[in-house]
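Per Swiss-Prot, these features apply:
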- 37-57: transmembrane segment (TRANSMEM)
- 121-141: transmembrane segment (TRANSMEM)
- 152-172: transmembrane segment (TRANSMEM)
- 186-206: transmembrane segment (TRANSMEM)
- 229-249: transmembrane segment (TRANSMEM)
- 298-318: transmembrane segment (TRANSMEM)
- H300, H360: heme binding site (BINDING)
- 332-352: transmembrane segment (TRANSMEM)
- 354-374: transmembrane segment (TRANSMEM)
Amino acid sequence: MAVKKRSIFEEVGQGAKAPVPQGGSIDRGHGGARRGIRLWLMALFLLVMAMIVVGGLTRLTDSGLSITEWRPVTGAVPPLNETQWAAEFDKYRDSPQYRLMNAGMTLAEFQRIYWWEWGHRQLGRVIGLVWAVGFLGFLAARRIPRGWWPRLLALGALGGLQGGIGWWMVASGLEGDKVTVESTRLATHLGLAFIILGLIAWQALLLGRSESDLLQARRQKDGRLVTLTTVLIGVAFLQIVLGALVAGIDAGRGFPTWPDMNGTFLPAEMFYVPGVETDWRNPAWWLGLLQNPGFVQFLHRMAGYTLAALGLIFWIFGRRSRHRATRGAFDLLAMALLAQILLGVGTVLSAAEWQVAIAHQVGAVVIWVLILHARHLALYPRVGSIRKGTL
């Protein structure tokens, strides 16, 4: 019987076809249309950002009280003829803002402010529709990654809550002798808008990388930078809310000087509340301070200085990261903070002229997103390569 000679270098099963490597359980278990959902979230992000800008312009043009009813569905159709316009104008003429601030306004002037508020509300309806179509579509196709549907559903729930808060805010300016909405309700409305925007941005950042990539990256996270950016998020959110309180009572127009406030560091009557005795133990006095232009403007400035100082200090720590992408994220954040400081000073010196004020608000959105981006890269760093020069 002949014995077949074999080389000691011959591989076992040389003729067999090698099996194709399979992904791990992480990649298999978290499938779905990650790229499609991310694009959908990015569209929602742009719409919410536009909503914040249009909302700011609606406030700056004193248009927010031009529609005196809340009709989420039927309100999507604006007045289409002279009779409908006259009826809508009559409703506005019954409001305190018309009687006390805009008496004698013409129909053409009313139409200009009406379109701002209608556009703001219509944009909200578009956001709701885009969310619903996307969520239900991905859900029906069973393309939502495992564990993600509660997060995406929560975005829609928060959007619905935001619509209700928007009307709650508007309603505060339609009673008594009010000509503007309550500043605290405005701050609640804007604060929730930034929360929604931040959640959308964070989910989009996560979906931009695979689950396995995120898991591996997290093993090299920089805990210190994660903590620092978390602190920065808190300070930035406080500053956003304070900015809304300033805007709600036009406090920026009463102190058009910098770095002083009409010649002093502490504005005159900073702790004065009409009709309420100054008492640190009295809650009514504390609430009344939120309507004091000098008090809220001073807090807004101090919070701005704090945010800028912390941001620049944290930038020094960010520059020490061994990951190039993380260092770049902190560089961008530092530059945005410097630009926002200039816009803030410009807003003060121009007595909150609308062009500068809206640029300042857009700057807040940019900084908010850049802080989240820096935190994301601190938590999930992109590992560079010496060979590719990406360290």
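Using the three backbone atoms N, Cα and C, a Cβ is placed for every residue, glycine included.
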Range from 121-141, 229-249, 298-318 with the greatest count of C-beta pairs under 8 A to the transmembrane segment (354-374): 229-249
Contact ranking winner - 37-57, 121-141, 229-249, 298-318, 332-352 against the transmembrane segment (152-172), Cβ under 8 Å: 121-141
